[in-house]
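Notes to accompany the following structure.
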Amino acid sequence: MNHSIESYSLHHPPPSSAFFFNQWLSESVTNSVLTFFKVVMLGLDAAGKTTILYRLHMGEVLSTVPTVGFNVEKVQYKNVVFTVWDVGGQEKLRSLWKMYLSNSDALIYVVDSLDRERIRDARQEFQTIIKDPLMANSIILVFANKQDLRGAMSTDEVSEGLGLHDLRNRIWHIQGTCALRGEGLYDGLDWLASTLKQLQESGHATSVAGPSI
C-alpha cells in the first residue's frame, strides 16, 4: 500500500494525534489480515520474468534490460502479499539460483513459449531446481509466456517439455500468459494465492528454511 505525504498550511492545521492513532489502528487491523508468502521467479533469459514482475507490481509494462543479479518487489493480490524474487536467467547466473531458494513458498517458472530450441535447457534447469531440498515443499506455477505470438508452444507442449506430468507428490499449475498485455497473469496469481492459503490453513508447510542470502 502506497502512502502519500500531505502538506498542511496555516489555514488547514495538521490532524490531531487522535486522527493519527485512528489511522494507525485502521492500518494495523488491515495489515493483521494480510498473509505473506515468499516466491522465487526463475526461468531462462528472455523468458519475460522481469516484465511479468513489474506488470504485477505496477500494473504497466516497463522497458527492461537483462537482469544481472535480481529484482525483488512486493506484489499484493487481494489479501495476500507476495515477496517476489526475480533472478537473472543467463547461463552464467543459473548456478546462483540456489542462493535464493531458502524459505520460498512457491516457484514461478517462466518459459518463453516461442523458444522451442531451448525447451530442453528450460526443462533441465527446472528439474534441477524442483529437486533441490530447499524446494521440497514449494508449490509450482509455470507461466507459459508469449502465447500471443505465432508459433508459440501450447500449454500442453510446455507441460510435456518440462516434464510436469511426470512429477510425483508436487502441486503444480501451468498458465498461458502474455506479459505485455497482462493476459493470464492474475489467473495464475489467483491459483497461487488460493492454493497457498489452503495449504497454510490445513497446516502444511510450504517452505524449507536454509541459509539466508
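Heads up, the Cβ atoms here are built off N, Cα and C, so glycines get one too.
Taking all protein chains in view, 15 other C-beta atoms sit within 10 angstroms of the C-beta of D148 (GTP binding site). Per TrEMBL, GTP binding site is recorded for G43, L44, D45, A46, A47, G48, K49, T50, G89, N145, K146, Q147, D148.
Here TrEMBL flags T50, T67 as Mg(2+) binding site. T50 (Mg(2+) binding site) counts 22 other C-beta atoms within 10 Å of its own C-beta, drawing on all protein chains shown.
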Around the Cβ of D45 (GTP binding site), the count of other Cβ atoms that are within 10 Å: 17
Residues G43, L44, D45, A46, A47, G48, K49, T50, G89, N145, K146, Q147, D148 binding GTP per the record - widest CA separation, whole Å: 22
Per DSSP, three-state class assigned to G43 (GTP binding site): coil
